[in-house]
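As C-alpha cells, the structure follows; a few thoughts come after it.
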2 protein chains.
Amino acid sequence: MVDGLKPRPLSGFLLLGILVPIALWFILRPFLDPVPSVPALYTSSGFSILAFVTTLYLVPALGPRFVQANLKGRDLLKTYSTPIPESQGLVCASVYLLSLILFIPFAFSNVFADRFSNQQKSVHGLAIDEFPHHQLSVYLSSIISLMMATLLGFLDDVFDIRWRHKLPVPIIASIPLLIVYFAERGNTNVVVPKPLRPLIGSLINLGYLYMSLLSTFSTNSVNILAGINGSEVLQAITITISVIVNDLLYLPWPIDWRIPLHLLGNQSEIGSEIRIGGVWSAGMAHGSRVLVERHLFSLYFMLPLLGVCTGFLYHNWYPARAFPGDTLCYLTGMAFAVVGIQAHFSKTLLLFFLPQILNFLLSCPQLSGMAPCPRHRLPRFDPETNLLHPSTVAFERPPSMRTSSTLHLLSLLGLTRRTKHPKSGQIFEATNQTILNLFLITLGPMTEKQLVKVLGATQVAGSVFAFLIRYGLAGLVYDGDGR
Amino acid sequence: MVDGLKPRPLSGFLLLGILVPIALWFILRPFLDPVPSVPALYTSSGFSILAFVTTLYLVPALGPRFVQANLKGRDLLKTYSTPIPESQGLVCASVYLLSLILFIPFAFSNVFADRFSNQQKSVHGLAIDEFPHHQLSVYLSSIISLMMATLLGFLDDVFDIRWRHKLPVPIIASIPLLIVYFAERGNTNVVVPKPLRPLIGSLINLGYLYMSLLSTFSTNSVNILAGINGSEVLQAITITISVIVNDLLYLPWPIDWRIPLHLLGNQSEIGSEIRIGGVWSAGMAHGSRVLVERHLFSLYFMLPLLGVCTGFLYHNWYPARAFPGDTLCYLTGMAFAVVGIQAHFSKTLLLFFLPQILNFLLSCPQLSGMAPCPRHRLPRFDPETNLLHPSTVAFERPPSMRTSSTLHLLSLLGLTRRTKHPKSGQIFEATNQTILNLFLITLGPMTEKQLVKVLGATQVAGSVFAFLIRYGLAGLVYDGDGR
C-alpha cells in the first residue's frame, strides 16, 4: 500500500511536448491574423492550460517541503499512516492567482486594440477594444478577495481555527469585493421570484447581505462535504465546468447554436430567438453586450480555476498523494462567489450547488448543536474489507424530544439510521447526517473510490438538473431572462 | 529574566478611553460641517490610530496561538530560551491590509462629494470630489502587491526558504503593480541626474526593471539589517515617518508654511515660492494638483503602516515579546516600493535608506560569497556581562588574494576587524561585515538595548541628512523639482 504513495507518474512528453505548445498557440493566437472576435478568451485558455501543467508538476515537487513544514496529515480511511502533504491547495491558489494577474494586460490594456485598429474594423463581433476598461477595478477587487480567501484558508490550516470561528471568515474575504461594489455604486438589486413580488415589490436591495452570505455558503458548503479522497476537488471541478458551460451559452459564436428547448415543452421567446445568427446576436445574450461582457468576466476566472483543480485532482485522486486543506475550499468557494456576484448570475450559480444544499440541510441538526457533532464526520473505514460504512455518533445524554422526533422523521425518510436502546427505546446512536453517509445507507457499503465516483455522478446529475430548471422551467418562476 | 517575558501591560483606559474616541472623531470629522479640504486624510488618520490600538491588543493576544502553531523562535542574544512567538508581522499585515481595504469607500466613492456638493462650493481647496476615481485600480493593484508580499513573507516563515532563493521574491510581489502600470500605460520614465544627461539623454525608460529592483532593494535591505530586538521595526518606522514628513510638505495647508531653506544657502526658486499662501498653492506642490494627489496617495499607505509598526514595536522592543518574522520586512519593504513607484518619488525614498545602503555595501563581500557568510550574522552575546561584541566568522580555507586585499582595505577604513595567524600572517577570522558590528567596533561593546538605540539614532540622522540633500542640495544635481 505504501508503494501506492509514490508521486503519480507524469508524462513529460504529453505535458511539455503537446500541452505546452497548445497553450502557447492559444496565447499567441490573438496576435495572428485574422484577430479572433474575443482575443482575450484565447489568452485565458492558454494560461489555463499552463496553469494545469504547472499545478501537475508543482504539487508533487513541493510535497516534501509541506511535510517538512509540518503541513501533513494521515489519511484516516487507509490502513497505512504515511504522512500526506496537507494544504496543497496553496499551490493551486498561487498558480491560479498568478495566472489571473498575468492575464491583466491581455484583458484590460490596448495590447489587442492597437493591432485591431490597424486592420479594417470587423463589421460584427466583439473585439477587445470594446472591452470595458473600467472593469479593471472590479477585476482587481476580485483578485484581492481571492487572495484574502487564500491567506485566510492557509491561516486556518496553519493555526487550525475552530469550526465555529471560521464560519464568518469568507465574509471578511468578501469585503474588498463589496467595498469596490459600493465605491462604484454597483447595482446590487436582485430579481425577486414572481410569486413573492406582490409582497416585497419587483426589486429589492438585498445587496450586501446576500452577497456576503453567498460567499459564506459557497465556501463552507464545499468544506463540509469533505472527508474522502478527491471529494472537494471533484465538487469544485463539476461546479466550475457547469459555470463555464453556462457562460459559453452567452458568447458570440461564429456559428449558429440551437438548443432544442422545445423538447422540454418550453415555447417562450428564449427558444425562438436563439436561432438568430450572426456573431453578436447568437447565444443566450440576445445581442446584449453587457451580458457577453459579464460572462466573459466569469470565464476569465473559471478557466484557470478548472486548470489548477484538474491538475490537483490527478494527485488528490484515490489513493491521495496530496490533500487540499481548507485553502482550496476557501479559494474555490470565493471564486464561485466572485463570478456569481460580479457576473450577476448568483441564482443560476446556486442551482449548481444542489448536492451541497442537500448536504447542508442534512447537516443542520448536527451543525446547530441539536445532535452531537464529532470533529470528523467522514464514513467509517473497515480495514478488513476495505469498505466504507456509515459512521455513527453516540449520544452521551438521552436526546431531547425535539431531537428524537427530528431523527425519527429523518429515519422515516431513509436519511439517517438510528440505534435504539433495546429496553428504554431511547436513541443512543445515529449515523452522521451527511450526504456521503446517505449514499452508504442507501447503496450499501462501498470502497472509497466508488463513493467518490457516486459523489461525482451526483454532482453532475445535479448540474444537468440545474440546467433543466434554469433554461427549461425558469420561465415559470422568473421572467424570461431571470438570472 | 523569564519574568520579563510576560506580555507588556496595556493601559485599557489610555487606549480605549482616549485613543479610540480620538480615532472615531477623525473618522467622523469629514461628515461634520465645515467639510475639511482633504476629508479622506482625516479618515485615514482615524483608521491609522485604530490600526495602532488593534495591533497593540492583537499581538500579545495571538502570541500563544503562534507558539502553538510552531511559529516560534529562541531569542539568540538572551540567557533564557523561552520560545518567543515568531512571524507576528502577520498580525501587522492583516490589520494594515484590512484598514487599507476599509478605507476604499472614503477615498474613492462619492461619499464625501455628495455632502460637499450640497454645500456651497469652497472657493479654493482640494475636495474629495476632485479626487481621481480612476486611481482606484492603482490603489487596488498596490493592495494586491502588498498582500502578495505578506503571503510570500509568511510562506518564507513557514517553509523557511533559503537565502538565495528568496532574493527575487519581492519581484514576484511587484508584478501586479507593474502589470496595472503597464495596462494603464503609466509613465515609467525616470529623471536622470544632470551630469549623466549628455550620455543617455534627458529621459530614459528604466521603467520596469528599476521598479522591480526598487522593491527587491527596499525589502531585502531591511531584512539583512536585522538580528537584534526591535531593529526591523525601528528602521521601518523611521523611514515611514520620513516619507510622511516629506508628503506633508506637498499638502494644501490652511496656514502658510515657510521652510528656512535660505539658511542652507539655497536661493533657488523653491525657497522663494514656498511663501505663496492659499490652500492650493501652499507647500512644495506649487499648485500642482497631481503632486498633491500623489502625496495624498502616499499618505494613505504610510499612515496606517506607521500605526501597525508602532503598535508592534511596543511588544518587539528589548526584551522582545514578539518577533516580526520575514512577513513584516516583506510588508514594509513592499509598502515603501509602492509609494515610491506610485507617487513618483523613488529617488527621495532611496535617500531615506542611507543606513541600509551602507549596510548593503558593507555586506557585499559576504553576500557575494567572497568571504564566508554564516546563516546569522548578528553580534555575539556575552552572558556574563550582558554586552554585545562584534561577531566573527572563521575562514575554513585561507582567503584568496582578492578577499585578503578587500578585507585589508575595509580594516584600514575601520569597517572590519580581522585576525591574522601569528606565523603565516594569513587572515583566519574576520568580523561579520554589518553595520551593527561596525557600531560595536567603533563604539565598543554595549548592551542590545543601547545598540538598537544607536541604530535608531543613525536612521534618524540618515533621514535628516536625506532631507538636507533633497531640499538643500538637489538643485545642484537635479532640476528644481527632481524627485
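Including glycine, each Cβ sits where the backbone N, Cα and C put it.
It should be emphasised that the depicted structure is a prediction, and the values quoted were computed from it without experimental measurement.
Feature annotation from TrEMBL assigns transmembrane segment to A:12-32, A:44-67, A:88-108, A:136-155, A:167-183, A:203-226, A:233-253, A:297-315, A:327-345.
When each of A:12-32, A:44-67, A:88-108, A:297-315, A:327-345 is checked for Cβ pairs under 8 Å to the transmembrane segment (A:167-183), A:327-345 comes out on top. When Cβ distances are compared across the two stretches, the transmembrane segment (A:233-253) makes contact with the transmembrane segment (A:327-345), since 3 or more pairs at least 6 residues apart fall below 8 angstroms. Highlighted: of the candidate stretches A:12-32, A:88-108, A:297-315, A:327-345, A:327-345 has the greatest count of Cβ pairs under 8 Å to the transmembrane segment (A:136-155). For the transmembrane segment (A:88-108), the partner stretch with the highest count of Cβ pairs under 8 angstroms, out of A:12-32, A:297-315, A:327-345, is A:297-315. Only residues 6 or more beyond the boundaries of the transmembrane segment (A:12-32), in the same chain, are considered here, and those with a CB under 8 A from a CB of the stretch are 39-40, 42-43, 45-47, 49-50, 52-53, 56-57, 106, 112, 115, 128.
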